[in-house]
Structure formats: C-alpha cells, structure tokens
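What TrEMBL records for 12-32, 57-76, 85-102, 114-131, 143-162, 182-203, 301-323, 398-418, 425-442, 448-468, 480-500, 512-531 is transmembrane segment. The annotation domain 'Major facilitator superfamily (MFS) profile' is assigned in TrEMBL to 19-534. The region 'Disordered' annotation in TrEMBL covers 247-286. Taken from TrEMBL, the feature compositional bias 'Polar residues' covers 258-272.
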Amino acid sequence: ADFETAIDAAGFGLFNILLLLVAIPSAMGTVYETSTMSYILPSAECDLHLSLLDKGVLNAITYAGMISSAIFWGYLADTKGRRKLLIFGYLADTICVLGGALSQNVVQLMVFKYLGGFTMSGPFAVLMTYLTELHGRQYRQRVMMSIGIMFSMATLSLPGLAMGILPQHWDIEFLGLSVHSWQIFVAITALPSILSCALFPFFPESPKFLMSRGRNAEALEAFRFIYALNTRQPRAAFPIKELASEVAGKPAPPTPPTDSSLKLPEQQQPAHQQKESDVEQAAGKKSKSSLRSGLVQMRPLFVKPYLGLSLWVYLLNFCVLLGQNTMRLWLPQLFASINEYEQMMSQQPTTTTSSTSICSIIEYSVNRTQSQLAASVLDDPEHECTVNVSPASYTNNLIVAAAGLVAYMLAGFLVNLVGFKRIMAMGLFLAGSCAIGMYWSSSAATTVALASIFVTMGSISATSVISASLSMFPTALRTMIVSLSMMVGRMGSLLGNIFFPALMGLGCVPPFLMVSCFMYVACLLASFLPLKNKAALK
C-alpha cells in the first residue's frame, strides 16, 4: 500500500488523542516565544532601563531570528526528520528562554530573544506538518482547525499568567544575579517547551518522511505502533504488510526549506505523493546542490506569468502582518499605561474632568518612559524609577485575546459565507478604521472595544490571505508562495514594531495612522486580488 492507504488503515484513536494533547504545550511554546516580551515591558523598564526604541526592538527581534533561520531549519526538516527537529528545537528554545529569564541588561535579553526566534522557527514550521502526516485524509482538516484553536487558547492563557505573576514585587538574589517578577514570568513560559521536548521522544518519526527516504521498514513499524494504540490490537495484526516505494527514480527539485508548517491538507493528495517523495528524497543531497535546485524551483515565482501575482501576494501579507502584529504586541503596553493613568487621575481630587483619551495616554506613556529612563540612568534618588503594574492592567488583554479566539472559531463559517476576497476586504477596511478611530477614543472601554475589533478582523484577514493564496498558484508552487509570503510578512512585523515607538515620540496620531494606512493599502490589494488566475489554471 501507499502512504495514504496505510495511514487510513492505522485509524484514529488513542494515539491521535495523545498526539493532540502533546501539541497543546507545543503551540503554547510557539505563542509564548513571540508574545512574551509585549507583556513584560511595563514591568521591566526600570530594571533594564528601557527606552521606547528598546521596547520596539524587543518586540521585533524574535521575528528577525525567525526570518534568518527559515532556510536552515527547513533543510534539516527535509533531511533529518520531523521528530528530531521538534525534540532538539524545543530543547534549544528552552535554553534560550531560561537565558532570557536570567538576563541582567537589555542587550543580553535581545540576544536571547533573537536566538529564541532563530530556534523556534524550526518547531513552528514542522509542528503542523508532523501532525497532518500522522492523520488520515478525513481527519486533516479537523486537525488543522484544532491546531488553530490551540494557538488561540495559548494566546488567551498568556495575559492570565501575566496577571498572576507580573504585579508581584519579587526581588530575589540567585547565584549573584538579581531576579524579579518579570524574569520569573519569562522562566515559567519555558515550561511548555520543556514538556514538548520531554514528550515528543515517545512518538514515532513521521512515516511520510521515512517512506520518502526509502526507509519503508521503519515506516511500517511506525504504522504498526499507531495501529496498536488506536485499535488495542497486536502490532502484527496491522493489515498492511508491505509499503510501496515512494523514492523516485528521477529526483525532482527539492522544496526550498522554509515555513513548511503552512502546507494545508489540500496539498497532500494521492495525485502528488510521488512528486512530494521525489522532493524529499532529493533534499538529502549536498547542501550546495540542494540550494541550487531550490533556487531553480523558486524561479517561476520571479518570472511571468507569476511574477506580478506573487509580488501582489507578498505586498498584501507584508501590509496585513505589519498592522496586525504591531498593534497586537503594543496593546499590553498601551493597556498598562491606561490603567496607570487612571489610577494617577483618581488620586487627584482637584481634577474636575478626567479624560482617558488615547492622546492623553500616549503623551503620559512617552513622558513617563523618558523620565523613568533618565532617573534610572542618573540614579537620582529624588526621582526614583518605579513600576506600577496591577492585575487590572491585564484584564483588557484577556478581553482582546478572547475576541481573537471567537474570531478564529467563526473564520471558517464567515469565509464560506461571503468568500475570501470579501472577508479580506471588509475585515481589513474595518481594522484600518478601528486603528485610526483610536485617535478619537475618549475612554478605556472604547479603546478596548476598538482594539478587540481590530485584532478580530486582522486575525481573520491574515488567515484568509494564506488560504486565498493557495487558489492562485499550481500545487508545485503553493508551499513556496506561502513560505515566501510569510517571510515577507514577518519583515513587516519587524519593521512595524520598530517604527511604532519611534512615531509615538512624534505624537498620538502618527503611530495609529501608520497602522491604519497599511491596513487600507492591504484592503485595496485584497479587493483587486485575482483569485482565479488563468496561468495557474493552465
């Protein structure tokens, strides 16, 4: 039997449930790596003497690490295997997270966050591929939906964890190092990676990968292991006795190693199994020839008829992720400033009117950051740098994260109802309007409502961009276009998080105007996106 027949014969049962349970801490580790910094910035600004630009770099530098290591990890995934990469990737991420938790200055923290992004790019890319390759065709769509829900739940758990730890005033001396509450928070976020590293050794290598390398005997043992757990039958009872060879006589150009996690189940069809096997077998050649072959496969995306369309998709994803991830990662700092500003105003009885407008908040946040930095650098006893973080600072983050979870659950229904193009255009226009609408927000409740709508619409639009891209390119180019567009999108996330604090120093309008403009540009691009590409259909 071929791979699809064998994995269907292995069934669905205890093995698959255990695998999905292990995927929960894996998804949490991935989310924590990219989002932790946004929650510790208000707590760590005195200990690390953070300026606004430092905060932006800490938010962005993880994406720099992920961009720089995409090719490296992708090559290892296609030559060394999925399981090994998951084990050693999460182990390396654990070391980086714990190193960041013990950092004593901002430079050390930046280095560890860059390395964390570098190492997490591998497990992030392979996790979904590994999960889909261990499920039969009829379950893959549900597995992909389950993974998305796991990521959304992980995002929801982070503000809850921050609420319980970051407001504490802990100051511990450990081996000559000063450890505060934000460092303990960072250290605790390493637990999902530790669990993933410890649990994945109990699972088999992907049979799909083993068959692509000609290791059919090992693949058959993996199928028998899955079958025995799912059916409670002895391994010898597995009905498939021999696996068909999926090693091609004539190797095809290998898929360039990038974000292979974004291979959707529609790509894994029997008609393309032989070609995918050729691709993975050829990836075992020397690095130089693999890179050359990879560049050959990339070539169609940079010449007609796909050049204009691929550039269109890159620019669309760049704009969407710049706006989405910039706003998402700066909301914890914004909400913490809102809470602190409200507390300060409530302690001034002479104040007759208290406006919580976004301009007042940004002006207060910028001035406070600058004064705190000056006080901590000069060590001025009269102007001591103080941190005022309460559990209420993270309540608004919980509301926004919950809105994002609901959005993901509704995304599939909405896309089927109105289509990719309409949902993207409407979602991006609404997100852009909410971003610029924050300028006129006069209360904390209005700001939270606008932020929730922005994150919700941005999440649905970002998912729709990837799904829509797949319908415009032939199967042989789909993984490549998604991988390259995600890399360009991460560049947008990096630049957005650096420019946002720089624009905050200029006033309250520029940062939100930047996010709004990129969302409106993305809306225009999505409106004219040719979902039915004649060249792709040919």
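Positions of Cβ are set from backbone N, Cα and C atoms, glycine also.
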Same-chain residues near the transmembrane segment (57-76), Cβ under 8 Å, at least 6 residues beyond its ends: 33-34, 37-38, 41, 50, 85, 89, 106, 109-110, 113-122, 124-126, 255-260, 283, 287, 290, 325, 329-330, 483, 487, 490-491, 493-498
Integer average pLDDT (0 to 100) for the domain 'Major facilitator superfamily (MFS) profile' (19-534): 79
Proximity of the transmembrane segment (480-500) to the transmembrane segment (85-102), 3+ C-beta pairs under 8 angstroms: no
Closest-packing stretch to the transmembrane segment (182-203), where packing means Cβ pairs under 8 Å, from 12-32, 85-102, 143-162, 301-323, 448-468: 85-102
